[in-house]
Structure formats: structure tokens, C-alpha cells
Amino acid sequence: MLLLGVLLLTVLAGARLLWGKWKLRGLHLPPLVPGCLHLLQPDLPLHLLGLTQKLGPIYRLRLGLQDVVVLNSKRTIEEAMVRKWVDFAGRPQTPSYKLVSLHHQDLSLGDYSLLWKAHKKLTRSALLLGIRSSMEPLVEQLTQEFCERMRAQAGTPVAIQKEFSLLTCAIICHLTFGDKEDTLVHTFHDCVQDLMRTWEHWSIQMLDIIPFLRFFPNPGLWRLKRALENRDHIVEKQLRQHKESMVAGQWRDMTDYMLQRVGRLRAEEGCGQLLEGHVHMSVVDLFIGGTETTATTLSWAVAFLLHHPEIQQRLQEELDRELGPGASGSRIPYRDPTRLPLLSATVAEVLRLRPVVPLALPHCTTRPSSISGYDIPEGMVVIPNLQGAHLDETVWERPQEFRPDRFLVPGASPRVLAFGCGARVCLGEPLARLELLVVLAQLLRAFTLMPAAGTLPSLRPRARCGVNLSMQPFQVQLQPRGAGVLGRGQHP
């Protein structure tokens, strides 16, 4: 019986492949990369960029039973995602996406529709509410508390990645639930860590490439389902508490706002009504998209500054000049980047070299379209190679080097695409940029960053499956500025 089932699935897969080829006949398609060994490359975004030398900035790859189009230049990415955004606003619905998204109620993983547009409007309005009211002072307050905790560890090796992760999780907890209690922060932090670790496992990635594998035993899939049950239990508890205590017409946080708006907000006529499940998944998106991504970018920034102490010194001089010496005092002028040009340029350079999501989540065409003269049929999966676009030698001078000064000359360098662009641009970009500027500014005002035991962290991305461009674990020593002696264990 098992053999018969395998044979049937093989026949169906072959029929689907032949049907797909028949539908593409007569089209002027991008060139196809033969074979599938490219998927085994440890640094896939750079490998995909290298293929442009022979094939140009747009080509097709064979991914399981289907072809996908890869975009490797800023020009092709913006043509698709900005100028033809409706054509490329879709999202392919893979087995893991369906499972993680609470049956298509997620914003990041949801397919393009009128209901999706209403969901986006709800989440964006809640974020804008946070920016107008409490977001800015909250980030500064929690960052100041973070620096005080770090001061207690001065002179000893600090696992800064975990500290950044807890800080960003505390910010999201407070904005979403109006609470930064340590127990809740650690609960959500551990939940997100477990979910991302499970979702990025190779067995789940293979399930999305070859969907019929879901009919076979998969321990990785079982672990993912348990992680999702834990996630939903935690979020549902918070939603239930908010519904029991909120006052109509008033909102304490983003969850209050979304719960009260979800019953009334509709998109264009005929889209249907948003459900509480959409609020549930907006909360999930805020934690998954707003904690590890920002924390990882901050960790990359610290690593680059450890390798480039001359840049760190210039940043501290800029901060002292504009804000005055000391770890507190003047607020960070994040709304006016001209006051802290080197800090803004450093953030841009870190985002260019190490976009946390180097290969953007796959898009899907909603109707037949074209890119650079090539036909792109309806339903085609399209993947923007953001890191590849940031390392394009035809656009950037010496792209592999860490050179924040490239952004100091107005108009000399294009805007980075680390947060995507078009209809699918990251809604949390304003919050992420605020956190990056405030945390780095306060950290560098309070401390000088030094390598633990004189060992510099690796700047090579960690080889792993998944979405995020993670880094090797490392430690840093924080020397309080103005301290007359070196901290314990510090090397001159």
C-alpha cells in the first residue's frame, strides 16, 4: 500500500511538472539555471549574485517541482515591487505558510486580496498610533534601562546578542500589550526563539519545496505544530485579558486599538470582514518581525564597530559634539539625521552589508506581467535577492567593504532595500530605524566597545536554513566611557 501511494504521488508530481512546462511554451522567459545544486551553497545570496555574471540580473531557478524567478539588482527589484507592485504583490501559499499563518490570516504570509489590504490598513494604523503616542519615549526609556544593566556587567564578557534580543522583545511587549514585565518578556522571547528555530529546520524547508512530503512522517513538522500551539496559547491569553479589561473608545496599547477596530474596519466593497484571528496574527508578526530582526542588526553593528574602532571613535566624537558628553541628557534627534550624519550612515551601511532577510520572502504574480522585457506568467514565484542588490559592483564602489562614509555624500549612494519596497515593505521599518539609532547612540555614549579577550567576532554569516541572516555567537566587553582603569579581564 505504501509503495502504491509513493508511485501515485510520483505520477502526480510528474504530471504537474509537464503541465507547468506546457503552460510556459511560447513565452520569452528569463534564462534557466540548470540543475539544483545551487541550493546547497552555504552563502546562497552571494552565489545567486555571482550567477548574474553569465545570466544577467534576472533568471530562473528550478526549485522542487517549479521554477522561480530571482531578481538580483535594485533596478529589477524596484521595477517589479514598486512600478508594477499589483502584479507582484501575491504570496505563494506553501504548506508551512498555511500552518504558521493560522490558515491564511497572517499579514506577512497572506496572499494579496482586498481583505489583505484591510488587514494591512489595520496593522499600519495601530503602528502609527504607537509612533504618535508612546513609541519614541518608550524606546529611549527601555534603552536607558538596558544601558544601566550593561553597566553592571562592565569589564566582563557580555553575550550582547541575547541582551539585544531581550531589549527588542521588551519594546514590542510594551507597545503591543502595555506591559514590559520581565516574565512576559521572557515568555515571548523564548516562544519566538523556539518557533524560528523549528520553522527554519531543513525538514520544514524541504516540505515547502516538495509539498507531497507532508504525507510522510516528519518529526520536524510535529515540533513545529507544538511550537505553534504554544505560540497561539500565549497570544490568545493576552487577547482574552485585553477583551475583559478594555474600555470602549479608549486604548492602552496596539492590541486594544486593533480589537476595537477589527469589527468595524472594512476594505473596499466585497472584501469581507476582518476577524479576531487577523489581530492574533498581527501580534505574531510584530514579535517575529520586530524582535530578532532588529536585535540581529544591532549585533552586526557592534561586530563591525569592533573591527573598525576608528569608526567607533568618530561616532563617539559626533555624539559628544551634538548631544554633549555623558550617557544621558539630550534626546537622540532621530527625526533629523543631518545632526548625526555618521550614525545614520553607519546604520545604512550595516543594513546594506547585512540585511537581516537577505532573500526577501517570495512574491507571487497576481497576473501576467514582465520584468526587463522578460515575460513573467501569472502564478510565478519571484524572489528578490536583497543582499545581492546591495553588493552589486555596478552600483556600489568596493561593495564588500564596510565604509559608512559612502552615505555621507548626498545622492552618492542609493537607498538600501533592507526592509523591502512596494506593497510588501516592512510596516515596522520606522520602529526598527528608531531602535537602531537610539540603541547605538546610547550604547556608544555610555561605553566603548572592546573585543572580549582580544578576540574579534566573525563577520561571516552563520550557515543555516531559514530566512534571517544570523551571525556566529560572540561576546563583547563594555568599557564605561571616562573610566580611568580598564575593566576586569580587559586587555589594553
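We count from 1, first residue shown onward.
Note that Cβ sites are derived from N, Cα and C of the backbone, with glycine treated the same way.
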The heme b site in Swiss-Prot lists ARG91, LYS120, ARG424, CYS426. Which one of HIS28, HIS38, HIS174, HIS363 belongs there according to the record? HIS363
Using all protein chains in view, find how many other C-beta atoms are within 10 Å of the C-beta of ARG91 (heme b binding site). 23
Taking the recorded heme b site as ARG91, LYS120, HIS363, ARG424, CYS426, identify the other residues of that chain whose CB atom sits within 8 Å of the mean position of the site's CB atoms, giving them in sequence order. ALA89, LEU107, SER108, LEU361, GLY420, GLY422, ALA423, VAL425
Rounded to a whole number of Å, the separation of the Cα atoms of CYS426 (heme b binding site) and ARG231 (progesterone binding site) comes to 22
Look up CYS426 (heme b binding site) in the DSSP assignment and report helix, strand or coil. coil
If you count other C-beta atoms within 10 angstroms, which of the binding-site residues LYS120, ARG231, HIS363, ARG424 is the most crowded? HIS363
If you measure ARG424 (heme b binding site) to ARG231 (progesterone binding site) at Cα, how many Å is it? 24
Could you measure the widest C-alpha to C-alpha distance across ARG91, LYS120, HIS363, ARG424, CYS426, the residues recorded as binding heme b, and give it to a whole number of angstrom? 16
Row CYS426 (heme b binding site), column other C-beta within 10 angstroms, all chains, value 20
